[in-house]
């Protein structure tokens with residue numbers, strides 16, 4: 001098939017205006033190929049601006065690009081290699097190798113734009129995916145085939161928690177796809193080396209769109225990772241784990257592209273199409289009768305604002321929400337998860353059983369009551385509390401400390417061996433604390449242990 005060519009007539013940042021013959025105008029979403037002194041890149045058609053002109057967003061570098069440069073209409077959206085050839089590899093937004101190894105064989109390629117599964121294809125049978133992380137398994141259990149969000153500001157431990165989840169869940173087997181969206185390259189390289197050392201890399205694909213790359217790359221790399229996961233689900237009928245770090249950078253890249261196109265922003269400077277962009281992306285992450293995609297997504301909170309439009313747009317699509325809080329991190333308790341702000345659709349007797357559900361409700365109640373009493377303690381001290389309230393405060397602090405945990409991925413920094421806590425040991429430990437079995441023990445005894453079996 002003959003490939004039509006066009007000519008760049010203007011360049012504004014990462015927005016290219018390209019002229020074609022009137023009969024050869026590419027469709028919206030089609031990929032255009034162009035060359036600079038740095039290499040070959042793609043652009044994506046986003047708007048028809050005239051009878052024979054289109055506007056395109058560069059999905060790559062524009063340094064060295066000039067008016068008059070020829071571009072080639074590929075006649076289809078960006079396509080990436082999928083299947084076994086990309087497992088154990090580290091790729092960029094185009095599906096090209098960035099791990100120093102030969103390019104993956106492009107036996108099968110899929111476009112990054114795909115329709116969401118039909119309603120009749122969706123699978124609603126859910127089971128719990130236990131992670132071995134106490135606060136998550138107790139308060140906000142993760143659904144197999146569900147979507148989980150890790151919300152937190154800068155430096156509260158989102159990426160470390162994400163890496164621990166990757167480590168623990170990968171040990172259960174299955175295929176994984178890690179998508180780094182606009183994050184630091186050292187984190188991606190570090191994760192790749194850890195996966196290699198732990199022996200789970202052959203079942204994992206790492207896709208990176210780095211912080212220093214163009215907004216087009218950061219906006220589309222999430223779709224590259226998702227497309228690879230969809231192929232495993234639909235064609236190979238496998239259960240897939242999809243890790244995304246960070247959804248905020250995906251939204252932020254969309255905002256930058258929207259601004260470059262001259263569109264009017266909404267509250268907070270976000271694009272007016274925020275809800276649709278997030279919805280189109282999230283609705284593709286689904287479980288069907290062929291297989292499941294279990295998604296765990298980091299969401300950065302600007303200025304620790306849980307009501308930021310980017311977070312609000314993401315909330316409604318999630319089954320489990322895990323909120324990390326700076327005040328808990330300041331106490332030296334990690335993971336710094338706030339059990340009162342975190343929730344899961346799976347925390348009901350149908351999914352976790354009556355015993356687990358009742359223990360989680362009691363833990364939330366005692367921590368909520370402790371927060372209410374904290375104001376009295378700060379002003380008047382513990383002496384002004386009743387005996388019953390003092391007992392409750394001590395138990396709440398023990399629970400708060402007990403929900404801390406040493407991680408495998410931080411062993412080399414802390415010198416403390418990581419722990420994977422089985423659900424029965426977790427529930428047994430919580431029962432003993434709530435029943436007062438450890439009322440005579442110090443609160444510090446419960447910091448960074450696994451279960452009650454580790455108490456000396």
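Note: Cβ is positioned from N, Cα and C throughout, glycine not excepted.
Feature annotations, courtesy of Swiss-Prot:
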- 152, 153, 154, 155, 156, 157, 158, 159: ATP binding site (BINDING)
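Listed in sequence order, the residues 300, 324, 329, 336 complete the 8 Å Cβ shell around the ATP site centroid, once 152, 153, 154, 155, 156, 157, 158, 159 themselves are left out. The highest number of surrounding Cβ atoms within 10 Å, among the binding-site residues 152, 155, is found at 152. Sequence-distant neighbours of residue 154 (ATP binding site): residues of the same chain at least 6 apart with a C-beta under 8 Å from its C-beta are 300. Classification of residue 152 (ATP binding site) by DSSP places it within a strand. The Cβ neighbour count for residue 153 (ATP binding site), using a 10 Å radius over every protein chain in view, is 17. In the structure shown, across all protein chains, 156 is the one of the binding-site residues 156, 158, 159 with the greatest number of other Cβ atoms within 10 Å. Residue 157 (ATP binding site) has a Cβ environment of 20 other Cβ atoms inside 10 Å. DSSP assigns residue 157 (ATP binding site) to coil, not to a helix or a strand.
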